[in-house]
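According to TrEMBL, the features are:
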DOMAIN    18-195  domain 'Aminopeptidase N-like N-terminal'
DOMAIN    240-418  domain 'Peptidase M1 membrane alanine aminopeptidase'
BINDING   H296, H300, E319  Zn(2+) binding site
ACT_SITE  E297  active site, proton acceptor
ACT_SITE  Y372  active site, proton donor
Amino acid sequence: MSTDPYLPGIGTDAATVEHLRVDLDVRLAANRVAGTAVLHLRLLRQAAEVELDLHRLTVDEARAAVDGRALRVRATRPRPRPHRVVVALGEFLPAGTAVELTLRYSGHPVPRRSPWGTIGWEELTDGVLVAGQPHGASTWVPCIDSPAVRQTADITLTTDAGYLPLANGRGTRVRTRGSRETWRWVLDRPVPAYLLTVQIGRYRQVTAPGSAGAPGVPPLRLVVSPRHQARAEQAMAAQGRMMQTFVAAYGPYPFEDYAAVVADEVLEIPLEAAGLSLFGTNHLDGSWESERLIAHEMAHQWFGNAVTLGRWSDLWLHEGFACYSEWLWAEATGRSSVTSMARRAWQGLQAQPEDLVLADPGPEDMFDDRVYKRGALTVVALRRLLGDAAFGEAVRDWVARHAFATVDSTGLRAHLHGWAPRAGVPVGDLDAVLDAWTLRPELPAFPG
Ligand SMILES: [Zn+2]
């Protein structure tokens, strides 16, 4: 059962996952995985079965227990849906029941095709990346692949020695056996499955320059192949200051640490995951275009990864703030001002069709550049209305209240209603700004 009209047939509203433990063996040359996933599920309503997302991989064995009592479960793949698995629980269980479901699975992972390109597990020339947004987690692990389902994670990866496998959170090498090495990654902040990731390459992990001891700056790691390390260190040298800029604007960094992973390939777009971002070697060219993306991905740790939408129609809540963060960074470095950056974006939008509603752009257009730019302009319009000080406090309060929770556009409006009187702004004025920018297709006047 789908929970999101933008992604029909994905996720379920019958259950949630609170913790996900995965132990995955990855054979790179054959692009074959074999693993065990333990899902700590909680039923949200009475159910005799649960549907999970799992794209093209095979469940070899299913087990389940409630309070240590084994259930007689059976996992089947409903035809003709090669991306779903139905787990029959053997009996009706009441809403609220905690089920520990263990699935042994294997196969050759492949990306999902989608209107936004291929999503999920992708073989590289010499390694693997996972680009999970919006529904790619199911290409490597059985899960409920919907953004409102948040889980902590414990991911163990075994692969060929000489490669560094990465997932989310804190990682350590746990053993080496012959030519195989095993790493374990633990993430103690709950995130949606699409923000969990696997990256494997001939990487080296180093401390990023400029990250030692600055207040509010978590440990910054660079994960990059040795031949690109020097270039990466140069291109990413500003990340410490970037982090300070965003900590000042948005409040404490939400995760334990941050890694910039540079895949050993050219990537069209970088991508955020919980506690890390993925770039291509083309993003190391030192250009402003790359630098703004490095800032953009980092800002997603607050907007998207900690404060996360429940439905994909609200993507502007992630991309608007991430794009606004690029402008904030341009201003922090003295390159430009938020106002000039915003004006350029507004002029760009003027030249485009005004047929997109920001708070419901439709699935085809949800990653359209207009969602990003108009989203950022909405943030600028709100800042103009509330004033810098009240806006800053309102945003930090938004993040603090909703970190590791699900948000929507209506919730942001209600939150700002609470702040408008403190800024001396009539609530009606706030509604007028939000209505014009997020609910109507016409481009409002520049918020200057
Ligand atoms: Zn983004």
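In case you wondered, yes, glycine gets a Cβ from its N, Cα and C as well.
Heads up, TrEMBL stuff is auto-annotated, nobody curated it.
Recorded features from TrEMBL, shown on the structure.
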residue: H296; record: Zn(2+) binding site; DSSP class: helix
residue: E319; record: Zn(2+) binding site; DSSP class: helix
residue: Y372; record: active site, proton donor; DSSP class: helix
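Taking E297, E319, Y372 as the candidate recorded positions, the subset whose CB lies under 6 angstroms from any atom of ligand 1 consists of E319. Summary of the Zn(2+) site environment: with the site residues H296, H300, E319 set aside, the chain residues having Cβ atoms within 8 Å of the Cβ mean position are E272, E297, A299, F303, G304, H318, F321, A322, C323, S325, Y372. Contacts of E319 (Zn(2+) binding site) defined by a Cβ separation under 8 A and a same-chain sequence distance of 6+ are given as V371, Y372, G375, A376, in order along the sequence. Spatially close to H300 (Zn(2+) binding site) yet at least six residues away along the chain are E272, S277, H318, A322, judged by Cβ distances under 8 angstroms.
Over the domain 'Aminopeptidase N-like N-terminal' (18-195) the predicted model carries a mean pLDDT of 97.
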